[in-house]
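A.B. asks: Residues or ranges marked as active site, nucleophile by TrEMBL: His273. If you look up TrEMBL, you'll see His501 marked as active site, proton donor/acceptor. Among the features that TrEMBL reports, substrate binding site is placed at Lys275, Lys503. What TrEMBL lists as compositional bias 'Polar residues' is 72-82. Positions annotated as compositional bias 'Basic and acidic residues' by TrEMBL: 116-132. The annotation region 'Disordered' is assigned in TrEMBL to 1-154. Annotation source TrEMBL lists site 'Interaction with DNA' at Ser526.
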Amino acid sequence: MSQDSQHGKWTISSSDDDDEDLPPSGTTTPQSRLPVKSNLRSPSPVQVSVPAEVKAEPAKPAAASLMLGSEARQSAAKNQLNPVKFERSPSLAGKRKSDASEGSGWALSDSDDDDKDVKENSLRSLPKKEPSSPKTKKPKVKEERPPSPHGRLYYIDEPQDFFESSTPCLNDTYRFYLNKVTGLDKKYNTGALHIRDILSPLFGTLKESVQFNYCFDIPWMVQQYPPEFRDRPVLIVHGDKREAKARLLQQAQPFPHVRFCQAKLDIAFGTHHTKMMLLWYEEGFRVIILTSNLIRADWYQKTQGMWMSPLFPRLPADSSLSAGESPTFFKRDLLDYLASYRAPELEEWIQRIKEHDLSETRVYLVGSTPGRFVGPDMERWGHLRLRKLLYEHTDPVPGEEQWPVIGQFSSIGSMGLDKTKWLAGEFLRTMTTLGKSSSRPDPPVLLLYPAVEDVRMSLEGYPAGGSLPYSIQTAQKQLWLHSYFHRWKANATGRSHAMPHIKTYMRVSPDYTELAWFLVTSANLSKAAWGALEKNNTQVMVRSYELGVLYVPSAFNMKTFPVEKRAFPVSSSTSGFLVPFDLPPTPYAAKDQPWIWNIPYSQEPDTHGNIWIPS
């Protein structure tokens, strides 16, 4: 079965059976629209010997067995194929190798198999594997790294000056930072942060911490704490259940200082996708809201972002309950978000936050928590929360119909049969809100998602596509969406070849020099993340936990944010806002097609001489 579009032709084996498209709860889908059930299993690389076209220093991936996330993503990581030689012969295009290699893959990062049709198709198409017998397990070798599909040379250590040895020069105005990327010129990492920098003594004397996230590699995470803090208590907030939870707990057995809090996921196919650190120091308290999973592959050759709060000092003992609040009500909203977990393990952290002064905060919190919400609660979470903030705290601008809305993400859920179903009919109404203007102009909408060529030529090569889980089952039902797509190009930040795992949304001036607002978040383009209206718009349903921060100019005593043209190196004179990618965005050309992670790419090798063959 093939599917043609302006951006390429996708083919699935004719032996694949159609299967009924089961819609998310509370929605209906015409029976005539049936998805293709794919027999494709896990995407995997196949090696060929050609020189790389991009200087690449790939990250050291976490072992597949250590990457915990969705069941589909775990299965994909476990079912990597042995590399086979690529020959430029039509008979070998799409060839599959039958013998699977145990543990030879890299960690596939963030899952956003958000909507039911995506996740069910992914899970159905993955064959169940019998657990390996304990007798066949190889004995552990101390300090041995997991096998790499690229061979031992895949592991290249960080440069000596990769980590900060003194307090770095950071943009303290906006407190928005990118992660460091190996394989770049040093200037592009000046003012960027690695996880080891964030947890270093440079920012405080750590007493305890909480790590909210989706994917975890516990041994790797523990190693990112400096030796003097490595045994300090850590609470892990996760959404894993059953076997995945058992694997997570098993990872932590050697680390008695690591405890767990399981987030309640009461609505099917939701995920705990929030990424946040709470850091309690002897000197105060800090919050980091970010886009990276706690696995090695997310921190070295992907583009990630974060907001790092100021160091919040402790309030005097006799302070009132309302003390330490910011003009953006960040303290109230953070406490409200933590309370939504209904978790006893977080109570002591809620109390600690109450005891600190968060008044310096200039951003607004935009979170999602699972549930069905009615009345005033509809505006507490998801895109309706964003709509409320944009309505109350931004101002209309002259000619706003010419101010594009930009959305940039690493995964895409099911949008419906056409744009009116959710994207334009609901989500874009939020994104186009600008102050209390009664008019709702129809501005340009630009969506950034990597094309196949972006992934192929990336620092990681095709394996970067494991963190871009847009499936053929979803893509072929919404070809209309691809007309909005733009390439990932980030020459200004040096990150054109570091594939985005960051998620950002913004409103930009027609000349791309000013921002009306900017949001960095864990939320991808999906109804599961942002919420969807139900029951004639009287109820909103949200499946997942998400978290981000919204920047509006009024909180900084500005009319608009100036876009920083010279993003790196960051210096004390840097005054503009750092946009992670190039403006204006580059539209897809007719030959471009969006990266689809579960179909083969065997015609051209990537920067490591591999092709991508789902088996």
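Cβ coordinates come from backbone N, Cα and C, glycine included.
Please treat TrEMBL annotations as automatic predictions, because they have not gone through curation.
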A.B. asks: Provide, as an integer number of angstrom, the distance between the C-alpha atoms of Ser526 (site 'Interaction with DNA') and Lys503 (substrate binding site).
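C.D. replies: Taking the Cα atoms only, Ser526 (site 'Interaction with DNA') lies 12 Å from Lys503 (substrate binding site).
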A.B. asks: List the Cα distance (Å, whole number) between Lys503 (substrate binding site) and His273 (active site, nucleophile).
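C.D. replies: Here the two Cα atoms lie 12 Å apart.
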A.B. asks: Sorted by position, what residues of the same chain at least six away from Lys275 (substrate binding site) have a C-beta under 8 A from it?
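C.D. replies: Listed in sequence order: Phe212, Asn213, Tyr214, Ile289, Leu290, Thr291, Ser292, Asn293, Ser522, Leu547.
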A.B. asks: What's the CA-CA gap between the residue listed as 'active site, proton donor/acceptor' and the residue listed as 'active site, nucleophile' in angstrom, rounded?
C.D. replies: 13
A.B. asks: Ser526 (site 'Interaction with DNA') has how many other Cβ neighbours within 10 Å of its own Cβ?
C.D. replies: 27
